[in-house]
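The structure appears right after this line, and notes come after that.
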Amino acid sequence: MSDTTPQPSSPDKEPASEAQAAQNALDNTERAELATEPGQPAPKPEPESSLGRLFLDNLWAANTFTVTLLSLVLAIVVGAVLMIISDPAVLSTYSYITSRPSDAINSSWTLVSEAYANLFKGSVFDPEAFSAWVSGDGGWQAVLAPISETLTYAAPLVFTGLSVALAFRGGLFNIGAQGQAIIGVIMAALAGFLLPLPPGLHLLVAVLAGALGGAIWGFIPGILKARAGAHEVINTIMLNYVATYFLTWLIVQNGVQDPTRTDAISKAVHGSAQLPRLLGDNLRVHAGILLAVLATWAVAWLLNRSTLGFELRAVGANPDAARTAGISVTRTYVLIMVFAGILAGLGGSNMVLGSTASALTPLVAAQIGFDGILVALLGRVKPWGVLLAALLFGALQAGGNRMQSYSGISLELVTVLQALIVIFIAAPALVKAIFQLRAARAARLQTSLAKGW
Amino acid sequence: MEPGEIHALLGENGAGKSTLMNVLYGLYQPDEGEILVDGKPLKLKGSSDAIGAGIGMVHQHFMLVPVFTVAENIMLGAEQTRGGIAGFLDRRRARREVTEVSERYNLRVDPDAVIENLPVGIQQRVEIVKALTRDVDLLILDEPTAVLTPQETEELLTVMRSLKAAGKSIVFITHKLGEVKAIADRITVIRRGRTVGTASPEASRDELAALMVGRNVRLTVDKAPATPGEPVLEVTGLVVDDDRQIRAVDGVDLTVRAGEVLGVAGVQGNGQTELIEAIMGLRPVLAGTVSLAGERIDGWKPKKVLRAGVGYVPEDRSVDGLVKEFSVAENLVLDIYDRPPFGAGLALKPDAIAASAKERIEQFDVRTPSADAAVGTLSGGNQQKVIVARELSRPLKLFIAAQPTRGVDVGSIEFIHSQIVHERDIGTAVMVVSSELDEVIGLADRIAVMYRGRIIGIVGPDTPREEIGLLMAGISPDATAEPGAADGTVTDGGPASADGPANEDRA
């Protein structure tokens, strides 16, 4: 019979070919990696150079830190161009730049330098307030005000950033931090004005209610992914809408809406459920930032030093190998989303239990969930990196307010700056090309940012 | 290279064969040195330059679009259009070219078949046709037989001979000695990026292997006769479906005893993968039972099966065996990370993990810059050693190794085989599944041959390979019970299984 058919066993080959094709695909990437190896030792600098030289060399190599920093610089430069273009008075000086270039240069410099100076003064340190305090004309609060503002804005972003980063490490792209934060806001606020509890306990319950709300909203896409294979990106986006409109609906219901108001605003959270302010009543910074640092530490420990984190990272990097090694991938997916939800929910609690707002409004959660995605990317999905990134974003927000009122630069520019920073970070090759950085090993890691897809 | 010559490039994994060929094909730029074509130095900036210079390459992983037809794939990158500016694709012409080339070189392919429906051997043939339509004089085949069944390999060798007869030169990259001897005119051996010698195909296998790894290696496995004990793994009437809900294992009965190696031979895709995955709890058992030392384990979760004392080397290490981004140390505890001493409660113990990694790396001779290096940066053989080290470093009742030495260099093969035999000698039941017949014959004390989801014969290791080959092809001689008797009657004309240069033309 084998005389008539050219391949006697071809009917059985199909499964083989598929399995083998997969094998091939992997072999090939493996090979590609192997193949690049011989090239790697070459660009290493001469080993005999001094420590300082080595430091500079490494700094200029395209490592994560340098690329991040340069992305910031690039964003600031592009931001400056945008400021100049959007200011008609400055722009008009460019019409006669050939005859009097100094006009254009001076006016541009004044505009840009003042704007960025205000950004700095509003977020980090204001020398005028400091000299006023030294000479006795002003209080110390004014000196700390910029930092206080920065920390206030940063706290919720730390949580949502951690939420996205944690999911990312587990191989899931949690676009739903916004929805989880909104449900967190709702639960925290309801607990804050509906439950008559003693101080201390009330706060604890309200914070935990926020976490629970986020956990529920994370659990849904998690279980759908694990059981039905539904893609978490789509489900979390949809759940964001559900959460947003649920909030809008809930606010105007009897028992929730503030009876003295006609607009969409709920009753205020009781004082006993509010996060204590850290530096007196005049400064907005509250205990949320301490919780945020604690959460960062907890997530870092969870990821790197716990068995659960090991499972999570294994599932994120290679679910097949994790499954073969006995790790339950479905259980891990659900846990990842629940943890991500808890973190985002805590971020939401911060928005209503802190000093940003004390009652529910349709926009009470602002954009913290979506900003969390940017924060996570900027922080390279590492917990402490997320904390730093959130501080940067908080500073941009805080400084942006001052920039708007003092320099007349619209607050949206800050959003543009944030977006630009992340774009440059997401395109490390671009930054490297612009600054002619030497290729470094870190470059390969960066591409993994896109792996969630 | 001479015209009309088959030049084999032989070397261990990671020796630099593929890199060299990628340079030749213009994918990588050389740091030093130059390439001469017809005596003229050649500067290649990309693969299109290489094609222009008459160099074609068939990659180990085929560069085909799975949802396109054969003809579409072949015209890809050199699309012919008609209709002027409208630029309609000239599919008819592409089809004609395919037919023409495949007739000229006797490479049968259907231009209208969709790639993803074709077996791997045919896909490879499409790649070759694709290279030939570009009018190449030099064809580079990068590990072409790694994914082929013995029959397909034989067909490929025939194709190579006919290409040679047509005056094409072929560079044949491989680490399989048998094929090299069967086909090559000249052999260059590469080790660690250097040419270490040239040999003629008359050189013995042992000589070539020694040249490849730089020392003498044993290709046969040294082992004492087995002393089988109690049955450890008992499989009865097992039925399992594959991913596409097609019956893959159809009523398999198996017993593996303590202290013996049961080899499972078979052309890939006859249910071996599914059989093992079902035993490991990775795939649902539809009917039948699996017991480990008398206890039913079907329906258990993989973790429970592993914990019950089963070691498992999966077939595809980069998919199922390792997390490439993880360090060597982390991969060494991938399935025991939560057991003492590596984990206590929710906490990991990095010190214990590092300490045991150091020990294991030493013991299993894993060549890695450090225990913290990502496993993906190691060579295939060392990656495999990491898996073997992980699985063999805990007390086992049953050890299952699927394709334990696929894509592994000769030196590592020797080491892994000796570890497997050692595990048998300390009384573990061992099951080895391999599509390399030599490996199965070398390791096994009994050989079960799988064909279309069934065990169609269990034979001793002294059975002639031709007979096992016939079993693998589904031809079950009546005399399975008395091995050897059926030999003379069916050997000729049957699809021989291995790399013997037999049966040039079966059609």
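Glycine is treated like the rest: Cβ placed from N, Cα and C.
TrEMBL entries are annotated by machine, without manual review.
TrEMBL lists A:1-49 with the feature region 'Disordered'.
The transmembrane segment annotation in TrEMBL covers A:59-85 (among others).
What TrEMBL records for A:150-168 (among others) is transmembrane segment. Same-chain residues lying 6 or more positions outside the transmembrane segment (A:150-168) and placing a CB less than 8 Å from one of its CB atoms are 123-124, 174, 177-178, 180-181, 214, 232, 284-286, 288-289, 291-293, 295-296, 299, 302-303, 312, 316, 336-337, 339-344, 346-348, 350-351, 354-356, 368-369, 371-373, 375-376, 379, 381-383, 386-387, 389-391, 393-395, 397-399, 452.
Per TrEMBL, the feature transmembrane segment maps to A:175-195 (among others).
Non-local neighbours of the transmembrane segment (A:201-220) in the same chain are 163, 174, 176, 179-192, 195, 235, 239, 243, 269-270, 272-275, 291, 334, 337-349, 352-353; each lies 6+ residues outside the stretch with a CB under 8 Å from one of its CB atoms. Feature annotation from TrEMBL assigns transmembrane segment to A:201-220 (among others).
Distant neighbours of the transmembrane segment (A:232-252): 167, 172-176, 178-180, 182-183, 185-186, 217, 220-222, 224-225, 264-266, 337, 360-362, 364-365, 369, 452-453; these residues of the same chain sit at least 6 beyond its ends, with a Cβ under 8 Å from one of its Cβ atoms. TrEMBL lists A:232-252 (among others) with the feature transmembrane segment.
Marked as transmembrane segment by TrEMBL: A:285-303 (among others).
Here TrEMBL flags A:333-353 (among others) as transmembrane segment.
If one looks beyond the transmembrane segment (A:359-377) by at least 6 residues along the same chain, the residues whose Cβ comes under 8 Å of a Cβ in the stretch are 156-165, 168, 175-182, 185-186, 189, 193, 240, 244, 247-248, 250-251, 256, 258, 264-269, 344, 347-348, 351-352, 386, 389-390, 393, 418-419, 421-422, 425-426, 449. What TrEMBL records for A:359-377 (among others) is transmembrane segment.
Look at TrEMBL and you will find A:384-401 (among others) tagged as transmembrane segment.
Under the heading transmembrane segment, TrEMBL lists A:413-435 (among others). When Cβ-Cβ distances below 8 Å are used as the criterion, the transmembrane segment (A:413-435) is approached by residues 62, 67-68, 70-72, 74-76, 78-79, 82-83, 119, 371, 374, 377-378, 393, 396-397, 399-400, 403, 443, 446, 449-450 of the same chain, each at least six residues removed from its ends.
Simply put, out of A:59-85, A:285-303, A:333-353, A:384-401, A:333-353 has the most Cβ pairs sitting under 8 Å from the transmembrane segment (A:175-195).
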